[in-house]
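Have a look at the structure below before the remarks.
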Amino acid sequence: MKENFNISKLKNGLTVLTYNMPYVDSVAINLITKVGSRYENSEEEGISHFLEHMAFKGTTTRTAKQIAEEFDEIGGHFNAYTGHEKTIYYARVLSENCDKALNILADIIQNSIFAEEEIAKEYQVILQEIAHSQDNPDDLIYEKFYSSVYKDQPLGKPILGASKTLSSFTKEHFLSFIDKHYNAGNLYLSVAGNVDHDKIVSSAERLFSSLKQGEKSNFLPAKYIGGNSFINKDLEQTTLILGFEGTPYINLERLYRTQLLAIIFGGGMSSRLFQHIREKLGLAYAVGSYNSTYSDSGVFTIYASTAHDKLELLYKELKTEITKMTEKVNEEEMIRAKTQLRSNLLMAQEKVAYKSEEIGKNYAAFGKYIPPEEIMEIITNIKADDIINTANKIFSSITTSAIIGPNDLRGF
């Protein structure tokens with residue numbers, strides 16, 4: 001509900017958003033930085049993620065151990081993650097400890113010291129993270145897949161970066177990146193739960209006043225390119241991914257049409273892919289579809305794993321189902337998909353962590369809060385013909401494929 005939502009902008013330009021949920025005892029805090037891997041140039045690849053790691057390694061007032069101990073002392077859960085377009089630092093604590101959590105988050109964002117010995121240690125940690133990813137067939141195939149979808153573009157590069165660039169980063173590199181992107185105009189503080197907006201604003205003014213004013217960071221437009229790739233790996237099954245140009249999140253009507261398409265086609269146990277590929281033909285255990293979305297681009301993805309000798313049949317059946325999806329959608333499918341989507345969205349509204357991230361991401365993306373009632377109206381007004389038209393648009397785009405399996409399947 002709109003009356004629970006409040007927004008203020010500090011003198012330095014920092015946006016403070018709150019959503020009051022008086023029936024809970026906790027708060028979720030998100031500090032959203034509008035910068036991620038797609039903002040990096042070729043010499044910076046991996047720095048957004050590396051910086052996120054370094055934020056917890058000590059400040060001018062706290063050691064890394066003290067940061068961890070202080071959060072444990074208030075029973076808090078805190079962490080951070082890096083995406084293509086945002087880096088998010090978050091905490092969840094009891095309402096009575098909100099100010100203490102804000103104090104720690106403000107400290108690590110503004111006062112990290114980037115000690116050279118900590119940089120060297122964390123470099124080794126990230127190398128292990130990369131190695132773990134390379135040993136994971138799912139991570140490996142999706143990395144290859146996106147390198148074809150967004151060939152030679154930041155969106156097509158791994159968020160973790162590569163050892164060549166990671167090994168070059170020094171304290172000066174991190175401080176320069178912070179100076180460029182971690183300014184008040186590019187940050188959003190969002191808090192949801194049992195929260196008093198005026199108190200949050202007062203705390204933010206005290207804790208974030210040293211943030212300099214600045215502009216929002218920009219990136220180059222993404223261009224869907226597509227292509228085919230193959231990874232030779234001896235596994236029990238072969239995994240196939242098919243991709244098409246999807247929908248960006250900036251257009252909500254198109255976005256939710258695509259979301260409904262993904263649900264009908266491969267989003268659940270009653271979906272077409274699950275019923276046909278798994279239940280009827282027994283070709284795959286895991287099969288489905290979804291839309292990955294960015295501010296100016298999107299990728300509609302179909303995935304399935306099968307026995308090596310069934311790959312050709314799987315591909316043929318997937319193509320047949322794609323064709324059928326462009327021809328007809330029945331009312332029962334529409335009702336199920338809308339109910340599923342509405343249920344997921346509305347049930348998520350009850351979680352403080354979701355709500356805090358939602359209001360922050362809404363404002364970072366659209367410059368406003370989009371209440372769930374508005375989303376529900378969009379979903380309600382979508383017709384079967386809208387889904388068919390969306391399917392035709394998406395599936396007529398260039399196909400991207402990625403396969404991981406034994407070498408004799410190359411070029412099947």
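Including glycine, each Cβ sits where the backbone N, Cα and C put it.
Under the heading Zn(2+) binding site, Swiss-Prot lists H49, H53, E129, citing sequence analysis as support. Cβ environment of H53 (Zn(2+) binding site): E122, V125, I126 lie under 8 Å away, each six or more residues apart in the same chain.
DSSP assigns E52 (active site, proton acceptor) to a helix. The number of other Cβ atoms within 10 Å of the Cβ belonging to E52 (active site, proton acceptor), over all protein chains shown, comes to 20. Annotation comment: Swiss-Prot describes E52 as active site, proton acceptor.
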For the Zn(2+) site built from H49, H53, E129, further residues of that chain with CB within 8 A of the site's CB center: G46, F50, E52, T82, E122, V125, I126, L160
Neighbourhood of E129 (Zn(2+) binding site) by C-beta distance under 8 A, where only residues 6 or more apart in the same chain count: L160
Distant-in-sequence Cβ neighbours of H49 (Zn(2+) binding site), under 8 Å, six or more positions away: S37, T82, T87, I126, I159, L160, G161
